[in-house]
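These notes are about the structure you will find just below.
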Amino acid sequence: MAQHFSLAACDVVGFDLDHTLCCYNLPESARLIYNSFAQFLVKEKGYDKGLLTVTPEDWDFCCKGLALDLEDGNFIKLADNGTVLRASHGTKMLSAEALAEEFGRKEWKHFMPDTGMAFRSGKYYFYDNYFDLPGALLCARVVDSLTKQNNGQKPFDFWKDIVAGIQHNYKMSAFKENCGIYFPEIKRDPGKYLHTCPESVKKWLRQLKNAGKILMLITSSHSDYCRLLCQYILGNDFEDLFDIVITNALKPGFFSHLPSQRPFRTLENDEEREALPFLDKPGWYSQGNAVHLYELLKKMTGKPEPKVVYFGDSMHSDIFPACHYSNWETVLILEELRGDKDGKPEESEPEEKKGKYEGSKAKPLNTSSKKWGSFFIDSVSGLENREDSLVYTWSCKRISAYSTIAIPSIEAIAELPLDYKFTRFSSNNSKTAGYYPNPPLVLSNAGKLTAK
């Protein structure tokens, strides 16, 4: 595999929408998402009213890369080899002694190397993006409440109520019906929750299109919500930017399902209509699958194997499936890179090659957590004073395994030439090679870590 990656070499450029092209005001959107679920649990399911009150300190619990064991109410931070680095019961962190007693040095009971372990199952749930994180705090506080009520009795059975809350607030008809709290509030005051795309990003999208690239938008958001977001962040003519728009894509199934399991559907007034046996032309569609999409891309490019790159923020929904099932190049939007503005590792890109990188912007909500430590590395419990006790997290391992490159935002690369050569993640390069503009400082400063 080539050591470098360039957008100029790609025929097709695809984008996720939420937290990729569309950037949210995270403190405000997090509160809104939390409240939409908490209100439902309290008013519809009879949960403790204390869930409705959240202090600023409570948000420190939120950290990407955690797994929730749905039966015992434990949140888990995994090392790259599947052992448990930190854990909490609800919001209560386990001590080193309790951690050793509960988990030892063995693999977490649900761990299977990479492709064998789904992000979501009936037994656990991984939190890997900023849309999910408020739910992690809510679930942890639910566990606290139920533990107090039931004297610690397990297993827990609250997940069905969380799923009901998702359905209530985000079902396909919720936007049109003004159902729940989330959509009505976004419609009422989009500027409170959404950031418009910088002019540099809009110009970059047009530059890609003018260079002959096919541009795609593939989002699991429904068409009506997608339209509201895109009109606000890109303008009313946003459809002119994209050759193909796919909403309600139901990722990751979009990439993993067979065409017969997930056909494309036409849309009429934001309502899904007939299932299509194949795609014969560009346009706006709902649901679908990567196989039929790729056949259309072959037709549009006139190439037997058009090269596709896909930008997304979720390892579960975007990066892993696009890489693993479709063999696309993948660009991970990793907000955690925005916090690294106070120093430059030795292997950082030369200043004159850098795109516009807004390091001075306010740090996103909880890119680091006092409770959970770094998203990228951690020390093995009980060995904190030993230099070689630092290990990669499971989340960090997956970044280098399934991402072509990782960037803090699209804006960070929007002013680079399209033929700019990014150093890619690969087995031949260091684990920090694919981070742009710099590797996370915590990785650069850690030296040689223990890789399991």
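Backbone N, Cα and C atoms are what each Cβ position is placed from, and that goes for glycine too.
Taken straight from Swiss-Prot:
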ACT_SITE  D16  active site, nucleophile
BINDING   D16, D18, D313  Mg(2+) binding site
ACT_SITE  D18  active site, proton donor
MOD_RES   K171  N6-acetyllysine
COMPBIAS  339-361  compositional bias 'Basic and acidic residues'
REGION    339-365  region 'Disordered'
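Projection of Swiss-Prot feature records onto the structure.
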{"residue": "D16", "record": "active site, nucleophile", "DSSP class": "coil"}
{"residue": "K171", "record": "N6-acetyllysine", "DSSP class": "coil"}
{"residue": "D313", "record": "Mg(2+) binding site", "DSSP class": "coil"}
Other residues, Cβ within 8 Å of D16, D18, D313 Cβ centroid (Mg(2+) site): L17, H19, T20, L21, C22, N129, F131, T219, G312, S314, S317, D318, I333
Nearest of the recorded positions (D16, D18, D313) to K171 (N6-acetyllysine), judged by Cα-Cα distance: D18
Between D313 (Mg(2+) binding site) and the residue listed as 'active site, nucleophile', the C-alpha gap once rounded to whole angstrom: 8
Protein Cβ atoms within 10 Å of D16 (active site, nucleophile), excluding its own: 26
Residue among recorded positions D18, K171, D313 with least C-beta crowding, 10 angstrom cut-off: K171
